Amino acid sequence: MRRRAVHLVRQGADTECALACCAMVLHAAGSGTRMADLRRRYEPGRDGLNVKHITTVLRDHGCEPHVYRTTAAGLATVPLPAICYWDRRHYVVVTRVDSRGATLYDPGTGRARISHAQLDVHFSGLAVTSEPASRRTPSTVPSPARVLARLARPHAGVLLGALGAALVSALAVIGLPSVLGAVLDGSPSDGWGATASVLLGIAVMYALLLVARSSVSILASVVLGRSLAEQVFHRLVRLPYSYFVNRGTGAVLFDLDAVQQLRVLLTTDVIGVAVGVIVSAALLGWIGTQSVTALAAMGAVIIVLVLLTVVSSRAVRATAVDETARRAELQGVQVTAVSGIEAIKTNGAEERYVRTWRSLNNRVQRAFARLQGVQAAFTALTAGLQLVAPILIVVIVSSQREADVATVVAVQALSGFLLGQVAAVAGSLTAVAEGWAMLDRVAAVLVHPVDDRFQGDPGSAPTSTEIAVRAASFAYATFSTPVVRCVTLDVPAGSMVALVGPSGSGKSTLGRLIVGLHRPTEGSVAVGGNDLAHYDRDAYYAHVAYVPQSVVLDHGTLRDNLLRGVGDVSDDAIAKALECVGLAHDVAGMPLGLETPVAPLGQNLSGGQRQRVALARAALKRASVIVLDEATSSLDHEAESTVTEYFRGLNATRVVIAHRLSTIIDADLICVMDEGRIVERGTHAELVARRGRYWELYSSRTSAAAGLIPV
């Protein structure tokens, strides 16, 4: 199969660089596989891919990879393009090595030309090449263009209305020759009063036409913007939990912001291109009736403009994609700084964060300057053509036949208007190229598979509460080591099972498997005798409560946060729940009580208060299955005892990931996890008597590091 040129593919997360490089090489090899296809099949997770994983991906798609261990100088002898290990932590695609340096495509920063000295510094000694693909695998994921068409289709009416209004207002200008002829060739006896009245009437009618056009355009922008935002946000919240684990908060927020730029792309830029093309064709036809030579000259000018547009659009798109990536990275740092300001201040890290922010901001500004420079150069060239070309057309028309004043004025006016339309089309195309970078990000959200952990009929929920985990394993990435390994666990209905173990042993991940945040890579998790896939999501979570260690609250009131996912309950029920979790005294001390505003993420409440809000919510929910993931870690001993006693009295099946041994001593079963496996299980007395791993955690000084505090 014939090899193609390499096209830049951007990484959507820090660990996607190798996957993006695979997409570039597969495209060049003629595979037909796109980045969206690779994302569906391979999850890079926290650690990304290594060279072995890269060869597996290439081989899976009909390519025969070859791995070379070489130096920067030896890279010139390697068949290109090649995926190269970069700075011992990154991957790029090198497409050319010559006497002056190397050309590469970096999925993080874009296309670059570097010197041999830079190549020697950054290249880390490993390169992967590929033979042309033995087979072409058609992509199963819609392209960004098809995603855009699918988004616009439901709003075809309002978009056509905006297009029609823009077209009518533009075509009205084409009637200028007739109007000028009537005015300028009119009898002098008519007087200037009649002429002024006609021109004033034309101005008023044209102004009203523009107002109508603006109104329709605003309506289209509002309707489309609302619909796009709803579709993207609706899709985003239904993506798997792993999608958010592997991407930064800043990147996800940036994708949401990109929706607004996509609205401008559809309602302004695409319509501008369509109107400009139609009006330009009509004006060219009129100029052709005046002079074929003038038509040829105008055609030559338009060809120059088109060539400039093609060149600038490519440059704008590449630069815009780079600026978009840099801004997403900068937003991630800003979100981290604001949400983690406590840790930044207490660690004296303000200056370090400022330096990091300044470095990223400088990169954003440089990318912005490059983008503006390309656009400014294009604008200057088109402005020069717009200035000279109408004069040239008038000279040509005047030299070929005796032209009256009206014709000369009309030719000059409409020639300028024509070039203005062509320049507008060119500008819209460069804006489309810039907006395409945003479309890529929005499309990546819309084509990502939704979470299908729950596939039951609406309303289907567990009728009993026993939990059965059978040979369950789970890995966060396709090629990574499982963090939960072949775990089998039975939790009888109404019992309490505790999970203990050192940090990183897999106990929190097992808790997330039980509540359905993750799907087991192997094995199964069942509640009430059925795998979770048999249940409806909303019905399942109506019976299940999950309280993590790090509680995030909504922006709203304290009441709003207590009732999230609970429904309407009486104030008496709320008061009882607050009393049961030891939060009643705190709320009583708040002047606004339950109507106290809660800041985004709950940052105006203490860690213990946030945890108790989540625990009170679980109490109000009256869930029959409760998973507490170190849910009392921020509470003092007295508050923790109050909460423990309350949940101990519930007739619910409980899985408790332990923080203090005092909360689990009376558990029906204690499971000790280590390296993803359950290595011991039994009651507290049995495990202490056995003097195994649990005894070590219980008695040694390392118990605090393991998340356990001896009684």
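Glycine residues also receive a Cβ, built from the backbone N, Cα and C atoms like all the rest.
Any TrEMBL annotation is an automated prediction that lacks curation.
Going by TrEMBL, these are the annotated features:
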DOMAIN    11-130  domain 'Peptidase C39'
DOMAIN    156-434  domain 'ABC transmembrane type-1'
DOMAIN    469-700  domain 'ABC transporter'
TRANSMEM  156-180  transmembrane segment
TRANSMEM  192-212  transmembrane segment
TRANSMEM  264-287  transmembrane segment
TRANSMEM  293-311  transmembrane segment
TRANSMEM  376-397  transmembrane segment
TRANSMEM  409-432  transmembrane segment
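For the transmembrane segment (293-311), the list of distant contacts is 280, 284, 287, 378, 381-382, 385, 389, 392-393, 396-397, 400, 411, 415, 418-419, 422-423, 425-426, 429-430: same-chain residues at least six beyond its ends, Cβ to Cβ under 8 Å. Within the chain carrying the transmembrane segment (376-397), a Cβ under 8 angstroms from the stretch's Cβ atoms is held by residues 287, 290-291, 293-294, 297-298, 301, 304-305, 308-309, 312, 316, 403, 407-408, 411-412, 415-416, 419-420, 423, 426-427, 430, all 6 or more beyond its ends. Mean model confidence of the domain 'ABC transporter' (469-700) amounts to 87 (pLDDT, 0 to 100 scale). With DSSP classes pooled into helix, strand and coil, the tally for the domain 'Peptidase C39' (11-130) is 43 helix, 38 strand, 39 coil.
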